[in-house]
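Inspection log for the structure reproduced underneath, given as structure tokens.
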Amino acid sequence: MNDVFAGKHLVLGLSGGVACYKSAMLCRLLVQAGATVQVVMTEAAEQFMTPVTMQALSGRAVYTSQWDAREPNNMPHINLSREADAILIAPCSADFIARLAQGRSDELLSLMCLARPIDKVPLVLAPAMNREMWTHPATQRNLSRVQYDGATVLGVGNGSQACGETGDGRMLEPEEIMEELAGVFTAKTLQGQHLLITAGPTFEAIDPVRGITNLSSGKMGFAIARAAKAAGAEVTLVAGPVHLPTPHGVTRINVQSARQMLDAVQSQVGNASIFIATAAVADWRPAEFSDQKIKKDGSGDVPAMAFVENPDILATVAQSDAAKYGNLYCVGFAAESHDLLKHASAKRLRKGVPLLVGNIGPATFGKDENALLLIDDNGTKELPHASKDALARQLVEEIAQRLPTVQGV
Ligand code: C5P
């Protein structure tokens, strides 16, 4: 997701709330991702976080007053809002939402929101408040109002709150806000599409403590899930055993074995319009599973082990389910160690998919970068070495262009 923010200029507005502590990390992440961040704080926000901290993290003096004489024209609300690619209010308190709903403008942050060029500068709100305040009809009414007026309102988290109560109203985590904000800067080329994607390795159990797996990290598949979500798709991610956080707003189904992965995919494929198989599915599994741990008996003999072939999830979906469900666009991956074009082209025909994405497996397993070779009926296209996030976004665009409904427009 990161290079979405490179070169972007964001105004990060803090209103009063305990969640201001998360905004320090959010600011840091945005700066690390290449954005310039101008922090604006309300008087209430200064009770929770000092401008000193936010200045240090953003590298820019914080604005707190509409009477700030540092601006030559003495109009910080105009200047700040004209420079911004987006204004993000995090945390956005119940009071601040009420102020926006009313179009109030008696302090810098609300004044700046009101003064922003409404068609050019998106306003994104990350609410944070006590659960009763969140569900109160006045807050919900104000939220509807500000959405109607063009603001993007992010969801809230559920859990224990600083007040000791438990429920809805926590501000999203900084990483989640980053993902949502990336969506604001992404064209909605997959709006209305439902993407089903497999990712990660499978684990084929030998006995209760052992099994066969592989080095797939799941990073490419998770990056595609994130990019597709940002492009407006509904996303269901069937994940093998990986330690990666679920992209915000993505439905995740965890599985272990190839057969569980096939079951999960087949239970979801009826709702999907795109299926992408990035998972490194084990080709074979032990023919027998031992209920008990296989013990060393001291004789030096090794246990005999027979294997059976796993179902090919992609081929099954592409060749039978796709026909059953009509307009399902299937994309396969091929991790090769050599002769990428030759092997990947053959694989595309064997699997029966319109688009096959080749990569050099050993060069990319576990890494944050990759390079892709796209193969379809019309030939090949290289997506050169880049971060998996950047490649995922490019791949999503390539898929969007190839969808039958889009081609027909
Ligand atoms: O045959 P190979 O494993 O190289 O094929 C790779 C492609 O097929 C990937 O898209 C992978 O997710 C998919 N695949 C699958 N089920 C298998 C094996 C591979 O879906 N059993």
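First residue shown is number 1, and so on along the chain.
Cβ from N, Cα, C; glycine included.
Curation plays no part in TrEMBL annotations; they are all automatic predictions.
The CTP site in TrEMBL is built from Lys293, Pro311, Asp312, Ile313, Leu314, Phe333, Lys347, Lys351 plus one of Asp283, Asp301, namely Asp283. Secondary structure at Cys163 (active site, proton donor), as computed by DSSP, is coil. Across the domain 'DNA/pantothenate metabolism flavoprotein C-terminal' (190-401), mean pLDDT in this model comes to 94.
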